[in-house]
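Student: Residues or ranges marked as N-linked glycosylation site in TrEMBL: B:R158. Annotation source TrEMBL lists site 'Required for activity' at B:R158, B:R165.
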Amino acid sequence: MSSSEINKNEVDIVIGALNADLTQFLNSWRPFFSGFHLIIVKDPELKDDLNIPEGFDVDVYSKPDIEKVVGAANAAMFSGYSCRYFGYLVSKKKYIVSIDDDCVPAKDPKGVLVDAVSQHVTNLENPATPLFFNTLYDPYCEGADFVRGYPFSLRSGVPCAASCGLWLNLADLDAPTQALKTEQRNTSYVDAVMTVPLKAMLPISGINIAFNRELVGPALVPALRIAGEGKVRWETLEDVWCGMCLKHISDHLGYGVKTGLPYVWRNERGDAVESLRKKWEGMKLMEKSVPFFEALKLPESAVNVEDCVVELAKAVKEQLGSDDPAFTQAADAMVKWVQLWNSVNSSG
Amino acid sequence: MVEPANTVGIPLNHAALLKDELDIVIPTIRNLDFLEMWRPFLQPYHLIIVQDGDPSKTIAVPEGFDYELYNRNDINRILGPKASCISFKDSACRCFGYMVSKKKYIFTIDDDCFVAKDPSGKAVNALEQHIKNLLCPSSPLFFNTLYDPYREGADFVRGYPFSLREGVSTAVSHGLWLNIPDYDAPTQLVKPKERNTRYVDAVMTIPKGTLFPMCGMNLAFDRELIGPAMYFGLMGDGQPIGRYDDMWAGWCVKVICDHLGLGVKTGLPYIYHSKASNPFVNLKKEYKGIFWQEDIIPFFQSAKLSKEAVTVQQCYIELSKMVKEKLSAIDPYFDKLADAMVTWIEAWDELNPATKA
């Protein structure tokens, strides 16, 4: 689906600004962002003014705007990488595409710049197939189909809730891994989109993601904050937690999550070894999260996204709360998030 | 347009990985000319040729290959009455080759599969890739978004639990095909000209609890880990169904692998599939399967093996009982199939006494 076929009015591009100077970032994305509405949310902890080049249709939100909408007490929910969730909250569009501000367009193996926005929207507009694995990956793309042995009743698929893209150059590895393999860069361009099967858990990265806001907006929860969370992805887990919740809720409601194309090129930033020095809480929290999500069953009565988030928060508090205060805080944040979502979107 | 590789001039690899531990099983009714193209990659290995159809026909094997060949007379002689579980006039007969092999690993390939080219134009050594896949762990318990984390240049992504990074043993390596894709008959009829030209440079583990359509054209497995589950069912002559042999094996294998904590990989390597079978013939063979699979899939999706089933054979026998109980209502064929599954295990254990429990 080319850029011309996409209804740009249905898309908001939400950027969390953790860096003040967005000139290089936005200029590099200009060919693919032009014609779209942008929401830029400035990390409330960022002191400098944002530098945004001309020619974009953009709304910028910073700390005072955030406080005005959610109240000063709740503004902390949107600090650091979580600032982008404020953009999800106030958007009025069907689809959101969100890319970290240290990423630029990647080139495909033919040397052509990848239109990540178009690819994400295409992924979201086509069905997902979580109930049975297609060995030729995305059956709806040009030149492919369902293979022999794929049940016909499952070929219409289910709505796609999220599109998780990937990264060339600096892949989204954790600090210990990148510190161990300092020179490792991802050069492998895997030309596929696929649906992550039902019940399969995965670590969803917030670096390059898109989702159907109308379908699952409230499920993207800015909730888990690790102690000493920093301004590099190596020092966060908020997107991974959010992704575990999103996948579980999608599975429960019969939606699909895709992974694969598009790629973005992630610039060098930060120091993995430096990040490693901070005692990395994320590891422990993930170990506890996995068995929790594996065993979790949302009640049949949870039939909409908001109910699912609330039920999930309850379960987190009950089963994980005593393990680590970060979980209790996450559960509280999830409940608060749903309240904010409902109040902002009913008045909006 | 995608072309097969030209392998003329590629030197024979005398240090071929696992050459004394792997058998290549090839079912055929025509000839094995295609092996000429595979020579640099496959000659170091022992072949087990299962000749289907008329046993009086002589199959010419290219010079230099070390092989054993079994035709229908041999199968009947070796298995006696148990030969009833081996299909006739269908490539499903290949599983006889798995049973008589004495090696740890099996690679099976169809006789219309040529060597593929990767995007750089280099000939793909499919067997070498299968071996790499089998020798390194799988990761079925948590999906890695960068696919196979053990591959050169890849790793586990942020958020992947450390306790799951050792992975589990890999039982199956399922390869793919460029050129003629493995479509069912209805799709072939609607898209007769579609060719798979997309080279997806990835190997991945199919998550636990997820079923998939396993194609037998380009497949490798650890015979010691999962061999007895690789029964390709009752197909072909005298049977109401065809082209579901590998599918059936794949569903059984995946349920058992999930139960026993083994991994199944899919993706690389590619082979070049040269021949499109006749879609009208295929439709007749698949016809019942298209309806039956609607019931078969939920059956396998909900199949739960008992804690007491700890060997592949025990799992398989349990599965055969469930097939008899739950699928016979669809068609008496499943009753026969359930019996054949038991016969297969009995034959397997007879021919392979050392691998029992």
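Cβ coordinates come from backbone N, Cα and C, glycine included.
Context for these features, please: burial, neighbours, distances.
Tutor: Classification of B:R158 (N-linked glycosylation site) by DSSP places it in coil, neither helical nor stranded. Cβ neighbour count for B:R158 (N-linked glycosylation site): 24 (other Cβ atoms within 10 Å of its Cβ, all protein chains included).
In sequence order, B:S139, B:P149, B:F156 are the residues near B:R165 (site 'Required for activity'), counting only same-chain partners six or more apart with C-beta under 8 A.
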Student: Quick one: what's DSSP say for B:R165 (site 'Required for activity'), helix, strand or coil?
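Tutor: For B:R165 (site 'Required for activity') - judged by DSSP and reduced to three states - the answer is coil.
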